[in-house]
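As structure tokens, the structure follows; a few thoughts come after it.
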Amino acid sequence: MLRTTLAGLRAHMGRLATTVLAIVLGVAFTTGTLVFTDTLERSFATQVMGSMERVDVIAFPPEPDAGTDPEAGPPSFGTAALEEVRGLSEVTAATGVVFGTAPLLDSDGRTLGAFPTAGTSVGGDVARYEAAEGRLPEGDDEVALSTLSAEQGGFTVGDTVSVLDPGGEPHDFTVTGLIEFGLEQSVSYRGAVAFAFGTAERMVEGDGFAEIHVRAAEGVPVERAVTAVAGVLDEAADVRSGQEHGESLASAAGADAAIMGTALLLFAAVSVFVSALVIHNTFAILVAQRQREMALLRCVGALRGQVFRGMLLEALVVGLAASALGTAVGVGLGLGGFALGSEYVVSGTDTPIEPVVEAVPVLAGLLVGTLVTLVSALVPALRATRVAPLDALRSSAVADGLEKGVGRARVAVGAALFLASGAVLALTLSTEAGTTGMALVVASAMVCFVGVLAVSPLLVRGTVRVLGWPLRRLGAVGSLAVDNTLRSPKRAATAMIALTVGATLITGYSVISSSMRVTMDAQLAEQFPVDYSISPQLSPDGEEAPIPDSVAAELESSPLISSVFTSRSASDENQVFVETYPGAELGTDIGNGEVEGDIGDVGAGSAAVGAGTATELGVGLGDRVELESAEGRVSLTVVAIVPGSGGLSGVTTSVTDFESLFPEVGAGYLYVRAQDGTDLKELTEVVDDAVADHPTLQVASAAEIRSEFDRVLETMFLVISGMLGLAILIAVFGISNTMALSVLERRRESALLRALGLSKARLRRMLGAEAVLVSLVGAILGVALGTLFGWAAGRSAFDGMLFALPAVEIAGFLAAAVVAGLLAALMPARRAARTSITGALASE
Amino acid sequence: MHQTSASVRTDPPQEPPAVVVRALTKVYSSGGSSVRALDGVDVEFARGAFTAIMGPSGSGKSTLMHCMAGLDTATSGSVRLGRTDLTTLTDKQLTLLRRDRIGFVFQSFNLLPMLTAEQNILLPAQIARRRVDPERLAHVVGVVGLDDRLDHLPSRLSGGQQQRVAVARALLGSPEVVYADEPTGNLDSRTGAEILAFLRDSARTMEQTVVMVTHDPVAASYADRVVFLRDGRLVDDLAAPTAQTVLDRLVGLEA
């Protein structure tokens, strides 16, 4: 039996080629992701450890207690502490590091980024960092920039940059070098400006040292140096070996890599699932085609079990071989992807990154590929055992091509699943937005998908009939294509369902994305109809400087501006978000889309509440809401419920009530609303003038906010499409394979059509139309499912989500499906057209 | 048992023959060795006549038919259908020629399984985007006796009925010649006799030229004339055959 199987495999290798390809792709994605993640983790580690090699011991000041005065600034070591460390016999050298804020200005003279850049000292006796490019700063007028800041500001070595000193005065420096700070602290997102020690003390806010770096004396073990240093410092100080610190940084970074790996694996799972569908279809078709072969085996004495095992063995060999290939490709992809993508993930490093190929990804790839192939082949193998020995003697080639209708059981199962899915969906829609809702939508979608799977042949028949109507008008080629698709709806259904998976996910995402965009636009226009918002630069410790009143005054004096108002916000004792809008006319300037009540009624003693917060607090219109802070407490009547996702998410109170709770909190945001019909350019000048003296203020226009938001959504869309692209590619291979197998099966028919005068070109067109039909049905089904569940997911994730059908994207998907169908038919159609008529007529 | 149904044409056709084959040679070569399937065949097929081509296996009878039908290309020599020399045509022209001027009946797999009997009959017309005269369709369907089976799929038709559909399809477009390749090979003798009678009758009543390849002397006896091939050469020509005369000639060939 083994020999028969292997001989059979050799004979059918060509037919399995696309299956192998599908397995290879799915496995390659899985292994590639794992290798990529491993290598990424290793490279994080290498990078961090590299910078820590030059430091034996690192000491951090004690964490401030909750009770200490917040005015005291971040904790630090004094000069005395540094001197004591230097005096130790176990220590050769020690350097104190100044660390704080030193806002770097961009070429327009505004502060760079949403957070001010960090300022730090570099160099000294124990220099942790080296310049990745250029050299470290030495003189008074020299700085080095972190690679991130240099990239953001477009600065290179030799440029002149301005940095604000603690008093807010700009000073000019020459850039001498770029430093790769790697994963260290907040520098990785804020960026940094590095000075020579003396300059840093002058330019960086705060005093003392944020870190002390120590090199141990010759022959002194690191542990002894750690103990000695800890002995002279504050006992609450955190003293550890450089290696230990590096490891903890690396593991934090490794956690990030793991999250990214999990996300990638989800997409890999989709690809593997689609591969499984493709493999299943291939084996099912092969079994159908080899019915006589199986029957002959049974005639000459093979037991059912032997036939079954033979089929599974075939699947095992194919699965193993393809998985091995896929694993190899995956390792290559993972490493290649890392080489290409590392620049974005781990910004430039001088330590060469060594590829990491561990046993786990390789074994996982082999196992996933082989198991998926085996499981996919199970049902076809069972079907093979049901072939009666007598079938070998019948020539039922004509009847073979047609299958019987869809069984009642399938319809019943499908209907039950649809009902269940609908019920879960209805439940979701009646509950509030939140994670439970999302989980329910996903569950409902999965149940629905299984339902679709069950009745997919029916769906194919229905959709193809409708799509086929115009196609039939086009003549014989169109008619034949429609009839061919309908002759075996089960086969067409499995081929197209693979595409449906990808189409559903991608449509679902675009529905959510376009709905979010529309919702955001509508709410900005309705809830915050402002043209500009001005905010202080965020501070890493959460303490932002308030916006100077002079800015508001200057803006108000301009005739172009109709209103200027500010916002103040804070959380009360129970973490309820409280906000107020001094200067704003509620209901006109902000908030005009209330769910209930009227926000214009908010005055002393009353409040408007965001829908989400109202649910959390369990209050409705007319109820009272209690707020409490260290300074006082108020009880307010709810006079309006607002959608909540447009900015008024918490409790909006009158200024009086807010001040009785939080007298200290100043203006966090300043909003500007222009007179109707104001030229945007003139308005921009007025706003720029008003903030000219305050370089740290962040100015955002509504248009900018929108375009920024759009850009984020678009990037996400591209990334997700890319990830799903592979699943879609596999599905196209599946359709191509189904076509190729059908073409083989229909050699005689093709020859007959050619004999009757169908030209090669029209034969190719017929097969092309067939593949396009299959992929279009798959895509249409996917678009329908994706739209439904995208809408449901959006609704359950965000309150007041407006639905927007991404018509352009959907048209694009359908067009892509047509192209995919044509591509899938390319090879099979060429092959069919090339077949000699006489040869095919003569063969059985 | 069919001797009586054979008959001699009393007035030989005066018009030019439907198909003229001159010095036709077909050499198949594969991997160094070459086989001469046809070796200089000269033969003519009269318009409106029913001719059978006979010969032992490997005599080249199928190859001859394929070359005459534009399904295969000859190595040298010429095949003329009316005024057209098939050997000068491109693949595309051959396709159009088959579509518009030739009808086919094969031994099996004659029909597309997903089309009904009527759709199968109309298929060539549909491929050619030709209008079908409903009267002609009714006439042809009537002749082959398929009136009540038109909406059946091939899987629900008997082998004989399937061949009748194929004959109706071949006759519908009144092609210049109908080629039948062992049309009764898969049928029992009674059903086979019916099909052969259709072919013979249509040649007579509709003036339809029919060329049939067969190895069955009884089938050949329905024809007006039988030509014999052996080793790729035309070796004998028999007018007004009976099963017995055909069998005698065949035995003579084998000797």
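Including glycine, each Cβ sits where the backbone N, Cα and C put it.
Source: prediction; values computed, not measured.
Annotated features, as they stand in TrEMBL:
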DOMAIN    A:17-229  domain 'MacB-like periplasmic core'
TRANSMEM  A:264-288  transmembrane segment
DOMAIN    A:266-387  domain 'ABC3 transporter permease C-terminal'
TRANSMEM  A:312-339  transmembrane segment
TRANSMEM  A:359-379  transmembrane segment
TRANSMEM  A:411-431  transmembrane segment
TRANSMEM  A:437-460  transmembrane segment
TRANSMEM  A:492-512  transmembrane segment
DOMAIN    A:493-687  domain 'MacB-like periplasmic core'
TRANSMEM  A:716-744  transmembrane segment
DOMAIN    A:723-836  domain 'ABC3 transporter permease C-terminal'
TRANSMEM  A:765-791  transmembrane segment
TRANSMEM  A:803-826  transmembrane segment
Range from A:312-339, A:411-431, A:765-791 with most C-beta pairs under 8 A to the transmembrane segment (A:716-744): A:765-791
Helix, strand and coil counts within the domain 'ABC3 transporter permease C-terminal' (A:266-387) (DSSP): 102 helix, 0 strand, 20 coil
DSSP-assigned states of the domain 'ABC3 transporter permease C-terminal' (A:723-836) in counts, ordered helix, strand, coil: 98 helix, 0 strand, 16 coil
Cβ-Cβ under 8 Å with the transmembrane segment (A:803-826): same-chain residues at least 6 beyond its ends: 499, 503, 506-507, 510-511, 513-515, 517-519, 728, 731-733, 735-736, 739, 764, 767-768, 770-776, 778-780, 782-783, 787, 791, 794-795
Across the domain 'ABC3 transporter permease C-terminal' (A:266-387), average pLDDT on the 0 to 100 scale: 80
Residues from the same chain, set at least six apart from the ends of the transmembrane segment (A:437-460), whose C-beta lies under 8 A from its own: 406, 410-411, 413-418, 420-422, 424-425, 427-428, 431, 485, 489-490, 492-494, 496-497, 500-501, 504, 508, 774, 777, 781, 785, 789, 792-793, 795-797
